Amino acid sequence: MVGTGGPVPTFSVWDYVVFIGIVVGASGIGLFQAIRSRKETSSEEFLLGGRQMTAVPVAMSLTASFMSGITVIGTPAEAYLYGTAFWLFGFSYALMSIVTAELFVPLFYRLRITSAYEYLEMRFSRPIRIIGTSMYIVQTALYTGLVIYAPALALNQITGLDLWGVLVATGAVCIIYCTVGGLKAVIWTDVLQMVVMLVGFVAVIARGAVVQGGLTKIFEDAGEGGRLDTFDFDPDPRKRHTFWTIVIGGSIMWASIYSINQSQVQRYISCRTLGHAKMALYINMVGLWVTVSLAMLSGLTMYSIYKKCDPITNDDVATSDQLLPYMVMDILADYPGIPGLFVAAAYSGTLSTVSSSINALVAVTMEDFIIPFHLFSLTIITGVFFGALCIGMAGVASLMGSVLQAALAIFGMISGPLLGLYLLGMFFRTPNSIGSLSGLLIGLALTLWVGIGAQIYPATADKTNPLLLTCVIFSASVRPPLADSWYSLSYLYFSVLGVIATMVSGFLISAATGKTPKHNFYICLFYCNICWCNI
């Protein structure tokens with residue numbers, strides 16, 4: 001009986017057919033783009049799609065790039081355990097989109113660069129560019145490992161397939177269509193995968209509503225269980241999710257992802273005009289709202305079904321990230337092919353993110369490290385290398401707990417200081433290379449300190465606010481003094497800490513050293529959407 005716990009069915013033949021068909025279809029798009037562009041083998045065509053992409057496919061690709069398998073699996077679990085506070089990220093997405101579209105996109109688009117980190121050399125020095133690129137590579141490899149691990153965990157849960165076999169197969173598919181088809185293949189594959197993700201969510205919600213007697217019943221159960229208490233205006237920065245941590249911290253964190261992350265910048269500059277690039281961001285904003293809303297509603301559906309028999313405390317699943325796959329097999333096993341569609345949805349998010357990451361890693365590596373030997377064949381080899389690296393990082397991801405929070409924390413720790421560095425260069429004349437590099441290292445040291453400390457000593461329940469489930473037990477452990485203060489800082493404030501520390505220390509050290517920035521510096525002031533560059 002649905003919702004009573006215990007073993008659930010596994011994949012049927014039709015589930016495998018649907019799942020494999022969608023994955024093969026995604027790979028086929030990459031091969032099609034490779035055949036279609038076989039005479040255009042330049043690196044610009046491979047990395048930037050010839051700078052001829054339009055707004056709608058780029059927008060769907062932007063959404064799919066960071067609405068990965070982590071979103072499909074992690075966000076419903078977030079709603080199940082903590083309620084709908086995560087819905088407030090809708091405000092963050094809006095603020096992020098405005099800042100990125102009006103400040104950063106004009107800068108990168110008009111400079112006609114391939115790597116976002118080329119700007120750092122123009123404004124500061126080549127060593128700072130290399131350090132920025134290296135930080136991006138480490139961050140992206142870690143994040144992509146998490147992205148590969150999440151759906152592999154789901155497949156392992158509901159099919160019994162070997163976890164590492166699934167990890168390797170995921171990476172191999174991405175390597176094939178990314179290294180063969182380039183950015184065009186990545187973007188058009190993202191379009192298909194975005195559609196599959198949304199259809200997967202709708203299927204879960206629709207069947208859950210039928211099982212529970214309608215959406216009204218789902219919302220009633222969620223309200224009774226405290227899952228609809230969305231707004232918490234407590235200013236305590238140690239509380240995991242409040243209105244302030246999400247709107248302030250979340251906006252800056254997502255701005256650091258969309259404004260300066262190579263995976264996203266590469267899409268803006270692939271557009272045929274600046275107008276297309278900006279429009280892609282605003283369409284992407286709507287896509288983010290829709291995706292997160294469906295993911296949260298899936299989580300509320302899951303709570304309504306299991307409110308009296310929690311699969312975690314009943315030992316039906318090992319982690320919260322296996323909750324949604326468990327529910328899918330519980331409520332949809334009687335409909336052959338639909339569980340396969342759901343797993344394909346999780347996989348589609350992963351394929352889009354991993355392929356985007358590989359393509360972006362290749363771009364920054366070629367532009368920032370190997371540009372004197374910019375050969376198309378070397379681009380392919382680099383793509384294969386980074387694909388293999390990301391598969392290896394999935395092993396590290398298995399040690400990091402909840403995939404959703406771990407993924408966002410990684411961005412906060414590394415992208416926050418980088419965003420502070422860009423803001424220093426874009427809006428102030430005083431910062432020089434010595435001060436800015438010092439500020440970047442100070443900001444990075446602080447965010448790594450608090451982030452790693454938080455991983456070792458997770459915040460207590462009074463800061464994370466998990467909502468009650470059947471038989472939930474909280475255990476006590478010995479904690480150092482910093483564990484309940486510094487290490488309990490909300491992970492959404494990691495990026496805020498990084499931006500502030502980098503900018504303040506960078507500005508002060510630059511003023512103290514008193515050295516004039518290099519002659520051909522770029523100071524960009526945005527008036528009437530025009531980027532004035534003083535060379």
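Each Cβ is built from the backbone N, Cα and C atoms, and glycine gets one as well.
Residues annotated as transmembrane segment in TrEMBL: 16-35, 55-74, 130-151, 163-183, 195-215, 241-260, 281-306, 338-363, 375-397, 403-425, 437-457, 491-512 (among others).
Taking residue pairs at least 6 apart in sequence, the transmembrane segment (403-425) and the transmembrane segment (55-74) share three or more C-beta contacts under 8 angstroms. Stretch with the most C-beta contacts under 8 angstroms to the transmembrane segment (437-457), considering only 130-151, 195-215, 241-260: 130-151.
Where the transmembrane segment (195-215) meets the stretches 130-151, 281-306, 338-363, the count of C-beta pairs under 8 angstroms peaks at 281-306.
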